Amino acid sequence: MPDSIPSLPDWLSRGMADLFPAGDPSDADQALAARLAQAEKEGRPLRVKLGIDPTGSNIHLGHSILFRKLRAFQDGGHTAVLIIGDFTARIGDPTGKSATRVQLSKEQVAANASTYLRQLGQDQPKETALLDFETPGRLEVRYNSEWLEGMDLPAVIGLLGTGTVGQMLAKDDFSKRYGSGTPIALHEFLYPLLQGYDSVAVNADVELGGTDQKFNVAMGRDLQRHFNKGTQFGLLLPILVGLDGVQKMSKSLGNVVGLEEDPLSMYSKLEKVGDAAIDDYVTLLTDLDLASLPDNPREKQKAMALAVTASRHGIEAAQKAQSDAATLVGGSGDAGADVPEASLAEVNFPAKAFYLFSAVGICASSSEARRQIKGGAARLEGEKITDPNQEFTSAAELEGKVLQLGKKTFRRLVA
């Protein structure tokens, strides 16, 4: 009988948006499955690359879907190669940018990299860490300055010779900027080549990336072929939409859930994710079986929020957050009518947080409101308010939301 056609394990294919090599997706699936089988036969783990440029200081759940897939490879017995782009971060990835990025200093990049590793779980037990830092042979942390900083001019010119201007202008971001007359600095053309060379340097078998990284991941394959290093597979994952359910999760859009948020804040935010986005959140952020979850969107939200919060803080903290959130906003919303209402009719907008608490009668004065907020007693929809000067623009922004002071004082805001 002929050999059965290999297929990808569920942990690998879950949430996958695209897989290189290009062409018939089933062919790519079978090719990667065959490479997995061959690696197992040889007793050799695959080397799975994920590169991150430490251009900021915080990781949110939108970033975490790539790290979750990298962790899945680790748990499957393979080697995660986490590349800290300490060199490329000084150039800045032009992907998705309409203008040249501001270049960062070595000191800024080093500080951000240290923060990233801490958030990924460098000092945490592997049960709640995004990556497994404990099991020998499961993780390599590499800095691309190792091989890029020492490149001499002939090597750089040689690298530039592997690409063309036409190839670079085919990249959507460059094409738009060129068409609109927005300047493109020459060093920006280097970025995809440098990121691609990372795959050569670490002998990657698989590279992970978001769907917005397709050009850069393909460049890695091209450079591996050029340097006779084999060819990596590119496994692309979707871009997670933010809490608004519309735009991608982004700190600048204010629709994020940070990895380091406290359990109650994390759970409360996730419990309000829009119906259209719930299935993606379940698939990309949890190991829950979507088919076994209730059809009721509200129950599905709660299951997802509990699972995500538990993955970061442990099940006991997550269950407590779920219980506390139910107390704050009446659980599923059915008991929400028991929360006293407070009118926004007399509130002058834009309104700062300290003024809002006093204007609706939760605090006796603005000074008391400032003190309570600074003391950590104030929340809106379960999310802690830490800045007394946080500004709210209109009554519509607050309509129907629950304002809380301490453990016993709640007001549902009505316009």
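Cβ atoms are placed via backbone N, Cα and C, with glycine included.
Keep in mind that what you see is a predicted model, and the values were worked out from it rather than measured.
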Stretch carrying motif ''HIGH' region' according to Swiss-Prot (options 54-63, 94-103, 174-183, 204-213): 54-63
Swiss-Prot annotation of motif ''KMSKS' region' - which of the ranges 23-27, 248-252, 258-262, 298-302 it falls on: 248-252
C-beta crowding around LYS251 (ATP binding site), within 10 angstroms: 13
DSSP-assigned states of the motif ''KMSKS' region' (248-252) in counts, ordered helix, strand, coil: 2 helix, 1 strand, 2 coil
